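A.B. asks: Below are the features I grabbed from TrEMBL:
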BINDING   ALA37, GLY38, ALA39, GLY40, THR41, GLY42, LYS43, THR44  ATP binding site
DOMAIN    16-348  domain 'UvrD-like helicase ATP-binding'
DOMAIN    349-650  domain 'UvrD-like helicase C-terminal'
Amino acid sequence: MKPLNDPGDLCEALGIPFSPEQLNAICAPLEPQVIVAGAGTGKTTVMAARVVWLVGTGQVRAEQVLGLTFTRKAAAELGGRICHALERADLASRDETEGGEMVLTYDAFAARLVREHGLRLGIEADARLLSGASRFRVAARAVAEHPLPLEHLSRLSPRQLPERVLALDAALGSHLATPAQVREFSLRARARFEKAPLWRGSPTKAVLEAQGAIDERLELLELVETYRELKKKLGLVEFADQQAQAVELAQSFPAVGATLRQRFRVVLLDEYQDTSSAQAILLRALFSGADTASGRGFPVTAVGDPNQAIYGWRGAAASNILGFPTHFPGATGEPAKEFTLTINRRSGSRILEVGNALAEPLTRNRGGGVELSPGEGAPDGEVRVLCFDTLAEELDWLATDVTARHAEGTAWRDIAVLTRRNDVLTSVWERLREHDVPVEIVGIGGLLRLPEIAPVVATLKVLADPLANAEVAGLLTGERWRLGLADLAALARRARELAPGEAAEEPLPLPEELTELVSRADPACAPSLLDAMNDPGQAAISDEGRARLERFTSELAELRRHLDEPVPELVRRVISRIGLEAEQLVRGDTSQLARFIAACSTYPDIDGDGSLAGLLAWLDAEEEHGDALERATPTAADSVKLLTVHRAKGLEWHTVYLPALSEGVFPGTDRTGNWSTNSRLLPAPLRGDADAIPQLADYSKRGIDAYREELKQEHRLSEDRLAYVAATRAKRLLVVSAHTWAPGLKRARGRSRYFEDAAALHEGSSMPPPPEENPRPTAARTAAWPVPVTDRAAATAHAAALVRQAREVIASGGDETGWVWGSGVASAAEQERIAAWDRDAAFLAEQLTRRTNRNLTLPAGLSATALMELRKNPVGFAERLARRMPREPKRSTRLGERFHEWVMARFSVSPGFDELEFRARAEEPELERLKRAFEASRFANLTPLGIEVPFLLRWESLVLRGRIDAVFPSDDPAFDALVVDWKIGDSNADPLQLAIYRQAWAKARGLEPGRVATAFHHVLANRLEPVVASPELIRAATAAIIP
């Protein structure tokens, strides 16, 4: 080990010529400090180098360093960087750095405190972790079980309530507010609004809305308390619960902080601008007290950028990083040292000019940010600015230009399109697909509007909500049912007739009839299109329209009989019933559908009481926020990445497109950030950052109006942060574009300030004036009604219609020879021909019966397990297929399921916290043996690429489906990934299983199968069994069943 004596030794040891500003931060004294690191300035490298400096100069030992960040991916990256830097500087060996817990997530850190010190508060560490989609499931059950009537929330559908409950619950947790505090404040606030000046003897509309929001919030508090009680009853806990418990421990028991300060000698806080008030309070309680004995002056280093604080809507408090110097003072009480990193090592200089211009209002209004400058020898980069008359023209040009960039040599994976909203993202996806561009939507939010996913979500919403008029109308007019506009309007009029007090004296014009019905502000008071479908009466609906409505109604009734199924199974049933899976297989691309199924499969059965409303609330939250539940990351596949700006933070690409920089799109408008009108929000005076955000000064119309204007300015600043993040993702080319008109607009969209800033800096930009009238007021492209379909799709639809009509005739007991498509009646010659066909078919069937006992038709899709069974025991498989009876699961099967569930839960947060997330049942000691064996395996300290990954693999004419146990990075440079199947018993491992998994993973990730290694891991024996999973195994297994 060679000690470091000066900054030059550090640069030499790491092989990095650090800049003076970087060295100032890296080599600072061992005391509190905050590093404001602009986009692309190398903050992770600086944090790793600071650890090397402190260890190399003998100030701390490597095991005395604690790093905290937000995601497991970021924790693995920062921890890996630190370990690699220590090894390179010859300050630690690989054996010394492997398996440590140097960097944790903020959530995992709080969980550890509760596990180690929870008994001080009487907290037992046996609760199961509740996160992600599971939260929505439990919230939906809480809503269903709540005993009190909900007078003020009755206007909301069952699928809307769980999201609102979780939003308010999360706000309470982020700011350590209690329901009792909110209830007390709400009653006082309502009393103050009651004293507001009247207008012509009555309260103003603004005051009534504020009072209504308070009434709703009071009822939501009841549901929040029911939700929390249900979690306790089920033995569940959320990260937010553990965060609050950790704060109570830190504040009530000084020994907790003292123990940590003795164990660790330096703490690194990554992305500090994204911490919540609760997290900041916890860290201050542990590492910054009233005097040195209680932590004042402890060497905490916070790193972040206030200009990239883009998660305020989910509880982050950007004021934390601005207030760090006074929140974490030095030993003598002076503010902590401040350092800045301004040299961007990612983007060209012209791109940085745009980024700085976008961030200028932030620096002017809030301060704390930095102006970026290019590094020495940095390329200029390129910025292109274009404006189009219509959105359609903009997207057509974008798709053409992406194709041209690739033809010039840019890899698909080096191109990204970032948008503010998911609807724009979907439109981009459609255009790129039309140009045969390989494309990947990152995150589930963008998937929900895709044409292969939207009908599934709409059908689920219709099953859950009888007033889902917009979804019913969308399905009826879609490619499958193709109901005419006149029929739909007649159905809408019938719905109004069936609703008391709703029937109009005179029918409205067709567009207004539909628009009025599907856009009610209060859906609970709207007439129901489903009611009209069940009772069309004498509505002026065509015969063909009535037939289609009857088939649609029958299909929904059949699906409703399965509402008690586990939700993931119901989703699969809907997909199968409406024919989407088969349709996507014909088109040769099931990837998006498989991703959606995988996402729904993360909605696990927590309590045995499934809820479709909970799943839909989760999907709604993902579509609205895009990043509400998790930070999805792009795959390594060679495809253009499409994602919202929220998901793009921390990523970079050679070429970045920013389309739709038009007013109302980006920046968008905010209608949800006002607590006086939105019951989901915590009242601003109760927030932990109350002194840093606008406040309602006067509880009157005048005060509400003034407060609304302040919130508009605050929202614009949050949009400015998003724009800054978006622009600084580009390394060499930034393409900025806007449009003036889009379908349905009556007023032109102005070019946003972001567009104008980029145009002002772009030499030679000359923007023509926009057209005064919408060139395409009703549609982006010329279109027929109903929606036209392709020739192939039309042929498929025609054939499907024939099959459906024949099936209905037979099911009704009618003469199956007495119908012909179109006329409904067969001629005598046609009937004779059909009879001849029947005689021929009967003869052939008799001959076939004599040759073989029985032939069975294989399903279009087989699971990997079914294919293995078919190969090993075709007779037994045929018997089981012929007589589909449920089989009692073996004990080993149940144990395997429990082990797989535990592995999934274990990898949901940083390694080392599995017991906090998943507790084995007392009756399963075998599971404890498996857990201990796994913890001793090589996989315990690895970060997986995927766990329990579902797939659909098309193999010639057969579809194989299944779920891959685990995929890890390969330590063999000859492979990119290692696919692993867990073996917990003595059963023989079948290489065919891994052969299927290998092909599925390679196809899903755009890899050559030869780059994917495969192995069985025998858990109890801790033995890895590499397998040569040749595709010939699949060919041999399917040879007898594929023609």
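Even glycines carry a Cβ here, placed using N, Cα and C.
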A.B. asks: Among GLY38, GLY40, GLY42, the binding-site residues in question, whose Cβ has the most other Cβ atoms within 10 Å in this structure?
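C.D. replies: Highest number of other Cβ atoms within 10 Å: GLY38.
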A.B. asks: Can you check which residue among the binding-site residues THR41, THR44 has the largest number of Cβ atoms within 10 Å of its own?
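C.D. replies: Counting every other Cβ within 10 Å of each candidate, the maximum falls on THR41.
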A.B. asks: With H, G and I counted as helix, E and B as strand and the rest as coil, say where DSSP puts ALA37 (ATP binding site).
C.D. replies: strand
A.B. asks: Counting only residues 6+ away in sequence within the same chain, which have a CB under 8 Å from the CB of LYS43 (ATP binding site)?
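C.D. replies: In sequence order, the residues whose Cβ lies under 8 Å from that of LYS43 (ATP binding site) (at least 6 apart) are ILE35, ALA37, ASP270, VAL303, LEU341.
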A.B. asks: Give the number of CB atoms, excluding that of ALA39 (ATP binding site) itself, located within 10 Å of its CB.
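C.D. replies: Excluding its own Cβ, ALA39 (ATP binding site) sees 26 Cβ atoms within 10 Å.
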A.B. asks: Cβ within 8 angstroms of the Cβ centroid of ALA37, GLY38, ALA39, GLY40, THR41, GLY42, LYS43, THR44: which residues besides those meet this for the ATP site?
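C.D. replies: Same chain, not in ALA37, GLY38, ALA39, GLY40, THR41, GLY42, LYS43, THR44, Cβ within 8 Å: VAL46, ASP305, LEU341, ASN344, ARG345.
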A.B. asks: Specify the count of other C-beta atoms within 10 Å of the C-beta of ALA37 (ATP binding site).
C.D. replies: 25
